[in-house]
């Protein structure tokens with residue numbers, strides 16, 4: 001019996017959260033085509049035959065001087081030391097530079113290199129890309145192609161991961177999907193809805209606080225606050241006649257309902273907290289770093 005923690009590392013938009021959701025066969029992690037949508041670690045628990053893998057989805061590695069982004073990067077780097085093993089995700093469309101930057105961080109734990117989005121390229125291009133990464137074969141334990149669209153890729157990856165786990169009793173009940181508080185998952189789903197319905201800087205200068213969750217017979221009531229930096233942002237989040245916040249609510253409710261399988265009532269308020277994304281204390285309290 002093996003059990004351990006595996007951090008999912010990669011640049012922004014490499015497909016880390018999509019991979020976690022695919023392995024869980026359930027959506028619990030925020031997914032967006034916009035960069036840096038993942039701000040918090042989230043754990044997903046996967047059983048592979050008799051072994052238990054606790055995946056830790058992390059913010060994407062990137063370069064920024066902004067306080068919020070620096071804290072996100074620190075969270076990802078810290079997870080590299082707190083785990084038993086890692087998987088580094090590299091898109092098949094990218095060159096090897098992001099992986100080289102990861103190696104320059106001098107990771108101490110063993111890692112598997114996962115090539116994502118392989119369904120989007122020809123076999124010839126995939127083989128060419130794998131040959132490029134073979135130059136680093138002394139650094140990784142395995143090079144595994146992966147596609148979230150094809151389940152046949154999952155078992156080989158899980159088997160390789162389990163080889164790196166220590167002999168250990170299960171950390172969690174095998175029936176558990178995640179140990180992440182449901183409030184945090186709901187919060188991320190609402191944030192995903194903001195990313196999908198608003199553009200420019202607004203999603204990056206906004207966050208969400210889930211203030212209260214009330215479970216009743218047949219319905220879960222969620223009361224949440226969207227926090228943003230400027231009055232103009234608040235107006236745009238609400239939209240003309242409340243149309244934008246209505247779309248955000250519909251999008252978020254659908255995500256939450258798909259996870260909980262129950263009727264959802266979602267009440268969203270919007271408040272302005274000027275400079276929150278530049279205040280380390282506020283960020284740590286809000287996001288949980």
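Here the Cβ of each residue, glycine as well, is placed from N, Cα and C on the backbone.
The GTP binding site annotation in Swiss-Prot covers 10-17, 57-61, 116-119, and the record cites sequence analysis as its basis. According to its DSSP assignment, residue 16 (GTP binding site) is helical.
The average pLDDT the prediction assigns to the domain 'Era-type G' (2-167) is 91. Annotated domain 'Era-type G' per Swiss-Prot: 2-167, in sequence order.
As annotated by Swiss-Prot, domain 'KH type-2' applies to 198-274.
Long-range contacts of the region 'G1' (10-17) within the same chain, counting only residues at least 6 positions beyond its ends with a Cβ under 8 Å from a Cβ of the stretch, are 29-31, 33, 35-38, 57-62, 88-91, 94, 98, 102, 116-117, 148. For 10-17, the entry in Swiss-Prot reads region 'G1'.
The region 'G2' annotation in Swiss-Prot covers 36-40. The helix, strand and coil residue counts that DSSP assigns across the region 'G2' (36-40) are 0 helix, 0 strand, 5 coil.
The region 'G3' annotation in Swiss-Prot covers 57-60. Listed as Cβ neighbours of the region 'G3' (57-60) (distance under 8 Å, sequence separation of 6 or more from its ends, same chain) are residues 7-14, 16-17, 20, 29, 35-36, 38-44, 72-73, 75-76, 79.
Here Swiss-Prot flags 116-119 as region 'G4'. Sequence-distant contacts of the region 'G4' (116-119) (same chain, at least 6 residues past either end, Cβ-Cβ under 8 Å): 14-15, 18-19, 89-93, 126, 145-150, 153.
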Could you check the binding-site residues 13, 58 and say which one's CB has the most other CB atoms within 10 Å?
58
Could you tell me what the rest of the chain brings near the region 'G2' (36-40), counting residues at least six beyond its ends with Cβ under 8 Å?
12, 16-17, 29-30, 57-60, 62, 68-69, 72, 75, 184, 188, 191-192, 195, 203-204, 207, 287-288
Ranking the binding-site residues 10, 16 by other Cβ atoms within 10 Å, which is at the bottom?
10
How would DSSP class residue 58 (GTP binding site) in three states?
coil
Using DSSP, tally how many residues of the region 'G4' (116-119) sit in helix, strand and coil.
2 helix, 1 strand, 1 coil
How do the residues of the domain 'KH type-2' (198-274) split into helix, strand and coil according to DSSP?
32 helix, 31 strand, 14 coil
